[in-house]
Amino acid sequence: MPIRIPDALPAVNFLRNENVFVMTDSRAAVQEIRPLKVLLLNLMPKKIETENQFLRLLSNSPLQIDIQLLRIDRRESKNTPMEHLNNFYCHFEDIQQENFDGLVVTGAPLGQVDFGDVAYWSQIVQVIEWARAHVTSTLFVCWAAQAALNILYGLPKMTRAQKLSGVYEHQTLNPLALLTRGFDEGFLAPHSRYADFPPQAIREHTDLQIFAESAQAGAYLFASVDKRTVFVTGHPEYDAHTLGAEYWRDLHAGLTPALPFNYFPQDNSDGTPLATWRSHGHLLFSNWLNYCVYQITPYDLRQMNPTLE
């Protein structure tokens, strides 16, 4: 089944060109089925690119999904046309009285910025606190995972001395876990972050269950027992070229970035990298939508039960 997005959103044609099943609002309106309401809080500067990446993963499900795009930073964007933001994004006050089946919070290029110095930190706190009563399950990605650990569990910001960039091997830890159902015991996932997620710190200071981790990248996938908060520390949504684009961007800016690990063929930056993580990225989002959202959320969202008992 498809995701449901506005007819004029650029992602419609982008995803259809990839043979992704997309349903526009006009077509979905005649279907007598309740779609899942999923809110996407997009914190990345290049919002259209990020929309495409996440909508691709959210579309690979037998469920119809009604996507609402959310922004909380009212500053003028240098990377996304204001017309696009005005046409397709809502502000928090527009939806704060509503309930949603799912919320995805993207990463943000804020790895070396203290939480208190983030321009929209108070809004991040507000959304995450709001989600506890208004969203069945929230998926935090990369920087958002670090922010949520601080807000919900009081974990201090942990930062690596060197940026973690590359495609790393991970291992699943529980063969019966629903979030990793269908995963290979070892799988690849890309990372691009300064944030550090030591498994020991998560086990000692939270009640979260870790389902996949990496000897090099640390904890990758973990969640609360009730499945209402799910954390992914990498970037399963990345395109094949994204890590390379970040590398060349930093290089051209006069920085000395390390070559992304296990990314370019034979570590030759002139080579064309392959998206070796794509299948597990799709499976992760499909499992989250099915087991953490669809199987738990009430049919009538007006009857939202924050404890999911």
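Backbone N, Cα and C define each Cβ position, glycine as well.
Under the heading active site, acyl-thioester intermediate, Swiss-Prot lists Cys142, citing sequence analysis as support. Taking the Cβ of Cys142 (active site, acyl-thioester intermediate) as reference, residues of its chain lying under 8 Å away and at least six apart in sequence are, in sequence order, Thr106, Gly107, Ala108, His191, Ser192, Arg193, Ala195, Val232, Thr233, Gly234, His235.
Annotated active site, proton acceptor per Swiss-Prot: His235, in sequence order.
Positions annotated as active site by Swiss-Prot: Glu237. Sequence-distant neighbours of Glu237 (active site) (same chain, 6+ residues apart, CB-CB distance under 8 A): Thr50, Gln53, Phe54, Arg56, Leu57, Val141, Gly281.
Feature annotation from Swiss-Prot assigns substrate binding site to Lys163, Ser192, Arg249. The Cβ of Arg249 (substrate binding site) lies under 8 Å from no Cβ of any same-chain residue at least six residues away in sequence.
For Gly111, the entry in Swiss-Prot reads site 'Important for acyl-CoA specificity'. For Gly111 (site 'Important for acyl-CoA specificity'), the same-chain residues 6+ apart in sequence whose C-beta sits under 8 angstroms from its C-beta are Trp143, Thr159, Lys163, Arg193, Tyr194, Ala195.
Ser192 (substrate binding site) falls within a strand when secondary structure is assigned with DSSP. A sphere of 10 angstroms centred on the C-beta of Ser192 (substrate binding site) encloses 20 other C-beta atoms. Taken from Swiss-Prot, the feature site 'Important for substrate specificity' covers Ser192, and the record attributes it to sequence analysis.
Largest Cα-to-Cα span within the substrate-binding set Lys163, Ser192, Arg249: 15 Å.
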